[in-house]
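Asks: Sending over a structure as C-alpha cells; questions will come in a sec.
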Amino acid sequence: MALSYNIDTPQELRTLPISSLADFCEELRFSLIDNISLNGGHFSSNLGVVELTVALHYVFNTPEDKLVWDVGHQAYPHKLLTGRKSLFHTNRRQGGISGFPCMEESEFDAFGTGHSSTSISAILGMACAARYRNELNRQHIAVIGDGALTAGLAFEGLNNAGFEKANMLIVLNDNNMSIDPNTGALQSYLTELTAGKQYNALKSRIKRLLLLIGQDNNWPLAKIRQLEKIIKAGILDYSNFFEALDIRYFGPVDGHDIQKLISILEKLKDIPGPKILHCVTVKGKGYLPAVTDKANWHATGKFNRQSGVRLQDEKQHGIKTFQEVFGDTLLKLARKNKRIIAITPAMLSGSALTTMKKEMPDRVFDVGITEQHAVTFSAGLAADGLIPFCTIYSTFLQRAYDQVIHDAALQKLNIVFCIDRAGVVGPDGPTHHGAFDISFLRCVPNIIGASPIDLEDFKNLLYTAQDKKEHGPFAIRYPKGIGIAQDTNSAFMKLEIGKGRKIRDGEHIAILSLGPVGQYAIEACKELALEQIEVAHYDLRFFKPLDEKILHQVFQKFSVVVTIEDGSITGGVGSGVMEFMVEHGYSPVLKRLGLPDTFASQGTQQQIHEQYGYDKKSIIGLIKKLHHNFSIINSKK
Ligand SMILES: Cc1ncc(C[n+]2csc(CCOP(=O)(O)OP(=O)(O)O)c2C)c(N)n1
Ligand SMILES: CC(=O)[C@@H](O)[C@H](O)COP(=O)(O)O
Ligand SMILES: [Mg+2]
C-alpha cells in the first residue's frame, strides 16, 4: 500500500478533513501491521484502537488535554501519531522506545502504564488537580479495556469518580477479550448492554415522548430536560451500573466508525462531570489471522504478514520452556491429586494453563485481572482443604503483597505460588521485569521460597510443593522462556525443603547461585577450569529457608564468595547470604550479582543479564579478577 499521508503529530492530523480520516486509519493500520511483522510486539489490541486513537487526538487538544492509556499495550497508534514514527522500529528494543506509554519519553504520554487498571484513578487525580487549580477548560480522558475494567483498582477509581464529579471521560474499549476471552460477570453485563441496547432504546424513547408532550404544551427545553432527568433517575439510572455510580453512560457505539466517534466525542466535550463512552471494537481488526485467533495474536514475534506464519518459534527447535513444563507437570499432578486447583488472574495461555482448563474446566479458575482477589480466593480454597496453585507473574504479584502476607502466610495456608516471569522478562521492560519477588518474599514469615536451576528440578519442586506435610505457602519462581532440560520425563523426586546442592568443587572461590542463572555459572566454571581456575559452584535452590549447612561449609572453606540471582540484589538471596555471613562472624570477600538498585531497562533477557553483569561472560571476567587479586594477596603473605 502506498502511504499518502505524512502525519507525525496530532496538530498535523487535525488539518485533515473528517472525510479523509477513514482512509488515514486504513493507512495507519497498514503501517502497524507492517512494523510489528518486522519487529514483533503487542498486536491485536493496537489494530482494534486505530479509529479510537485517531478520533481522540482529532477531537481533543493533546497534549494539553490529558490522555491515559490503560495497560498501554494498545498505545502503538498513539505513539505513531505523537512524534515517534521515525523511532518506531526501535520499539521494545534495548535503547529504543518503550512498548508502553512513558512520561519520560513524550509529553503526549500523560501517565506511564504497563500494569493494568490504573487509568481511571490516574485520570481522576489529574481532573481533581485541574479543578483545584481552577483550570476548567482542560479535558481528561482514560481509555480502558473490558479486561482491565475487571480489576479492583478500576472499581475503586469508578467509585471515587462518581463521588468527586470531576471532569473526565472514560472510554471503555470493549472487544470482549482480555488476553484470553474475558471472564466474569462484568463481561456478561457489558455484552447485555451491547446486545440488548434496551437501556439506550428506552432512553431515547423517553426523550422523544417528552419532546412531543413538550411541543404540545409549549414547555421550554430546560423543563423537558429536567423532566427527562427525573424520569431517567427514577426508571433508568439505577438499572445502569455506571449511571448508578453517578457516571453518565453513553453508548454502545461502533468503535470503528470514525465519523460517528468524532461526532460523539465533540458532544461529550461539552458535558461536564464524569462520563463513560462504551465503544465496541474488534480485537485484531484488519488482520484476519488475528481476528480469528485473538489470544494467539495478543502479542507476537516477527511474522510473515502475507501468510501469518511466525518466524521465531522456539518450539520448532524442540526446546521446552518453563511454561510448557509447568503446564504439563501441573496437569499430571492434578490427575493424581484431586485436591489440586489452578488459579490465574487473566494469564491463562501465558501461564500454559489452557490444556488443563480444557481437560478439567472446573479445576482451573481464570478470575480476571484480579491479583489481589486471586490470592485471597486461593486462600479460601486452601482454608477449605484444597491445594491451590496460584499462578501469577512476578511483576503482577506485587499488587497482591498484602494478600500474600495477611491472607496466605499469616494463616499458614497451603498455597503454591507459581511465580512465572521471575527475573528479567526482556522487551516488556521495567514495568514487567520480575525483579523484586525474592526481596519481598524473603521477609515474610512462614513462606518457603525456591527457584529451579533446570526443568527437571522445576518439575520436582512442583511435585514437592503439593506433597509437603508442613503448613504454609510454597513459592516457586521461574523465568520466561526456555530452560535447560535434563530429563523431564523422569519419575518425580521429592526434594528436601531448604536444601541446596553442590554442583562442582573448587578452590578459594565459590559461586552460590539461585535459579536458572546457575546455568551461566556452570558454563563459566567449565571455561575457567580450562585456564586452571577451579571454582566451586553450589545451587542454593531455596531462597527461604537458606541451606545453612552449605553456607557454613562454604564460608569455612572459601575466602571469596560470589552470589548470583536473576532479581534485585537489594534484599535478594545474596543479601540473605550476607546476613548469614555477618551473623556467624565470617569475613570473606563477598560479591553479589543480580539487578542493581535501579529499574532495569528493556532488551532481550541475554542483553539485560549482560548489561548488569551476570551473564556467563561477565561472571568469567569477575572471577578472573577476583582470582588475580586473591593470588596477589596470598603471594604477599
Ligand atoms: C496488573 C496486571 N495484570 C495482568 C496484566 C497482563 N495483561 C496485559 S493486557 C491484558 C488484557 C487486557 O485486556 P483489555 O483491557 O480488555 O485490553 P485488550 O487487550 O482487549 O485491548 C492483561 C491481562 C497486566 N498488564 N497488568
Ligand atoms: C501487556 C501485558 O502485560 C502482557 O501482554 C504481557 O506483555 C504479557 O507478557 P508475556 O508475553 O510474557 O505473556
Ligand atoms: Mg479487551
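Any Cβ shown, glycine's included, is placed from N, Cα and C.
Because TrEMBL annotations are produced automatically, they should be read as predictions rather than curated entries.
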Asks: Which single residue out of Asn35, Asn39, Asn175, Asn337 does TrEMBL record at the thiamine diphosphate site shared with His73, Gly114, His115, Ser116, Gly147, Ala148, Tyr287, Glu371?
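Replies: Candidate listed by TrEMBL for the same site: Asn175.
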Asks: Based on the record's binding annotation for thiamine diphosphate (His73, Gly114, His115, Ser116, Gly147, Ala148, Asn175, Tyr287, Glu371), what whole-number value in Å is the widest Cα to Cα distance?
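Replies: Of all Cα pairs among the recorded thiamine diphosphate binders, the widest measures 32 Å.
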Asks: In sequence order, which same-chain residues at least six apart have a C-beta under 8 angstroms from His115 (thiamine diphosphate binding site)?
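Replies: When sequence neighbours closer than 6 are ignored, His115 (thiamine diphosphate binding site) has Val71, Thr395, Phe396, Arg399, Thr431 within Cβ distance under 8 Å.
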Asks: Given the binding-site residues Asp146, Glu371, which one has the fewest other C-beta atoms within 10 angstroms of its C-beta?
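Replies: With the binding-site residues Asp146, Glu371, fewest surrounding Cβ atoms within 10 Å: Asp146.
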Asks: Under a threshold of 6 Å between Cβ and any atom of ligand 3, which of the binding-site residues His73, His115, Asp146, Gly147, Asn175, Glu371 are retained?
Replies: Asp146, Gly147, Asn175
Asks: What three-state class does DSSP give Glu371 (thiamine diphosphate binding site)?
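Replies: Going by the DSSP assignment, Glu371 (thiamine diphosphate binding site) falls within a helical segment, counted as helix.
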Asks: Sort out for me which one of His73, Gly147, Asn175 has the most neighbouring CB atoms within 10 A, since those are the binding-site residues we care about.
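Replies: Counting Cβ neighbours within 10 Å, the top one is Gly147.
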Asks: Go through the binding-site residues His115, Asp146, Gly147, Asn175, Glu371 and pull out the ones with a Cβ less than 6 angstroms from some atom of ligand 2.
Replies: none
